Amino acid sequence: MKILFFGIHEIGQRSLEKLLCRDEVEIVGVVTKYDTVFQTYSVSDFAKKNHLLCYSLRFINCQYVFNLFKKLEFDLIVVAGFHLIIPEEILNLAKTAAINLHDSLLPKYKGPNASKWCIINGEKKTGVTVHQMSGKIDEGKIIAQKEVEILPVDTAGTLFSRLASIGSDLLVEVVSLIQKNTLSYLNVNGASPTYYSYPTIDDLRIKWNLLSANQIYCLVRGLNPSPGAFFFYNNEKYKVFEMQILSSKSHLKEGTIIELCDDYFIVSTLTWNVKINNLRKQIHSAYSIREFIDENRLKVFDILM
């Protein structure tokens, strides 16, 4: 079966790796987006190492791209985390079908950052979905799903890695069903569709006076490793990557520092106090709690914004 593959990040690379292990699969082309700095997984690098024809694109909805793909002969379009809407004209070039692997239990959490939002919103479970593509974002008949528990210590990074592994296995299973012509669809009537886009700057901010300790904890985990939940102090932005909810409460104003130590500090919230033990000025640079305290001459009862 000849496949035109679209993918980015870990979910894309893992899916491509597993498809290449199938004797019955021939990858006629790989389509990815231009890689960003600090990216651990690179679909384009992996494709080139395996001598696959690879297109790194910024745009896909244009005649030039359509003409490129029209020259290729393929039975199936397989998508894993591509984050660009593929026009129906391109989807229709596939002789058999176009399928997409998505990191949520559709129709919930459509959009490009599902695993982040599931943690931010405090969900206890999520999953992966393989569905037939329709030209609209994460829509089309659902072929297969697998549920995954969200652990209390999961970050967006650890959860997405687990979903990428489980989802890529599910994707290969679906490709096998398509090849055997034994494909069927799931009935998920009753589930209310939801859509989440990329978090805004306001979504990333720790609002000490509006969020409970658990909501802040979910926000920090959901934005780890990127882009990071932040607060301001002395007009500087600081990103929090690790914290704990304590069993103590304070009657002080939310965001007040109530204890300072070399490797952590404790802050009051609407509910329980929280312990901050991993803080950075920049997402990719080391920065200690001691540096934060000394640079700002922090004292107990100072207030974070």
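Cβ atoms here come from the backbone N, Cα and C positions, even for glycine.
What TrEMBL says about a protein is an automatic prediction, not a curated fact.
According to TrEMBL, the protein carries these features:
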- 1-175: domain 'Formyl transferase N-terminal' (DOMAIN)
- 202-294: domain 'Formyl transferase C-terminal' (DOMAIN)
Predicted model, mean pLDDT over the domain 'Formyl transferase N-terminal' (1-175): 95
Helix, strand and coil totals (DSSP H, G, I; E, B; other) for the domain 'Formyl transferase C-terminal' (202-294): 19 helix, 37 strand, 37 coil
